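*Asks:* I have a structure I would like to understand better, so I am pasting it below and will then ask my questions one at a time.
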Amino acid sequence: MSINEIIIYLMVIFMILGAIDKIIGNKFGLGAQFEEGIMAMGSLTLAMVGIITLAPVLAKILSPIVVPIYTALGADPAMFATTLLANDMGGFALAQELALTPDAGLFAGAILGSMMGPTIVFTIPVALGIIKKEDHKYLATGVLSGIITIPIGCLIGGLVAGFSPIMIFKNLVPIILVAALIMLGLWFKPEGMIKGFTIFGKGVVIVATIGLVAGAIQQLTGLTIIPGIAPIGEGIEIVGGIALVLAGAFCLVFVITKVFNKPLMKMGKLLGMNEVAAAGMVATLANSIPMFQMLKDMDERGKIINVAFAVSAAFVLGDHLGFTAGVAQDMIFPMIVGKLVGGVTAVAVGIYMANRMMKKNKAKEQTAVKDNG
């Protein structure tokens, strides 16, 4: 039995435990987690099905522009899809359509698509809707720290998947270039960059909704609004598969949080964060939204470290696990390893950036005190 199969069986065991707990009245809290996993189907449908339905059409439109640029850089055009889109928000489907080789399609769809795409299309726009304005600078610094290590996470994830190192390095060229441009933007114009990502995120929601409605009309009436789209049933089947895995994954994360609470809190203290920040990092493994809701109660250092960690590591035991299990089971373990390596190395960069920021703030305070004196 492969490690990927072991992970699936583990999810199934926790799904069964969650279902039993739901039947007996949610005595242990697992029943609520089981229900939450199944209920995720609605929000996943809104985010994913439209883009999956439109993927063949988007590939046809984008290919003449993307293919020459990426092939000139020695990379596969599939990398373009998940530089901008999350794996579970249509990035995987678009990567498969654009891919020139199956390996590059999987590398882009399952590994890069669980790190770079989600940051741009989901993490930043969603975080901005939750966090306070005074925390924007911590968001920008955290995202900057996290993006620096995405190529490291992709490299390790690709090697664990057994892809050729030459193929990995070639395909990382455009990623490193895009990451460098984003980092420069966040360094010099953080507010402008963040605003740009938000507009892009809203644009993706519009396209996804159009795709969903066009697919629904075709399914229900037989009328083709957009020629060349994939049947909507394909996207709905993927979403259903993800929800089944999430029913187990959410139960697993719930148990991990309960059992390993003390050691995880100790780890937070070692990193120099308060307890809320340590809890935020644990929550991020399933979903980054609760972490962003807790951000206001974290210390400065904890805010930066949490956001940095979330860039690669968010959803590793949540949506991204569910999605990968549904579309490419062989990529489960490489995806988990890649995301965790990206997240842990981002924490190291985040600590450095936080120390730098806190030193600057201290120097400013001392100057202000001297001026007042």
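Positions of Cβ are set from backbone N, Cα and C atoms, glycine also.
Note that the structure is a prediction, hence the values are computed from the model and not measured.
Reproduced below are the annotations present in Swiss-Prot:
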TRANSMEM  5-25  transmembrane segment
TRANSMEM  38-58  transmembrane segment
TRANSMEM  61-81  transmembrane segment
TRANSMEM  111-131  transmembrane segment
TRANSMEM  143-163  transmembrane segment
TRANSMEM  166-186  transmembrane segment
TRANSMEM  197-217  transmembrane segment
TRANSMEM  236-256  transmembrane segment
TRANSMEM  307-327  transmembrane segment
TRANSMEM  331-351  transmembrane segment
*Asks:* Sort out the residues at least 6 away from either end of the transmembrane segment (166-186), same chain, that have Cβ-Cβ distances under 8 Å to it, and list them.
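*Replies:* Cβ under 8 Å, 6 or more out: 70, 73-76, 79-80, 83, 101, 103-104, 107-108, 112, 116, 140-141, 143-144, 147-148, 150-151, 154-155, 158-159, 192-194, 196.
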*Asks:* Looking at 38-58, 61-81, 143-163, 236-256, which one has the highest count of Cβ pairs under 8 angstroms to the transmembrane segment (331-351)?
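*Replies:* Comparing 38-58, 61-81, 143-163, 236-256: 143-163 has the most Cβ pairs near the transmembrane segment (331-351).
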*Asks:* With an 8 Å cut-off on Cβ pairs and a sequence gap of 6 or more, do the transmembrane segment (236-256) and the transmembrane segment (143-163) reach 3 or more such pairs?
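*Replies:* They do not touch: fewer than three Cβ pairs between the two stretches lie under 8 Å.
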*Asks:* Would the transmembrane segment (38-58) count as touching the transmembrane segment (197-217), i.e. at least 3 C-beta pairs under 8 angstroms with sequence separation of 6+?
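*Replies:* Yes, the transmembrane segment (197-217) and the transmembrane segment (38-58) are in contact.
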*Asks:* Give residue numbers and ranges for long-range contacts of the transmembrane segment (5-25): same chain, 6 or more residues beyond its ends, CB-CB under 8 A.
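*Replies:* Counting only partners 6 or more residues beyond its ends, the transmembrane segment (5-25) has Cβ contacts under 8 Å with 31-35, 37, 244-245, 247-252, 255, 321, 325, 329, 332-333, 336.
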*Asks:* Residues sitting near the transmembrane segment (38-58): Cβ under 8 Å, six or more positions beyond its termini, same chain?
*Replies:* 85, 88-91, 93-94, 96-97, 204, 207-215, 226-232, 234-236, 238-240, 242-244, 246-247, 319, 322
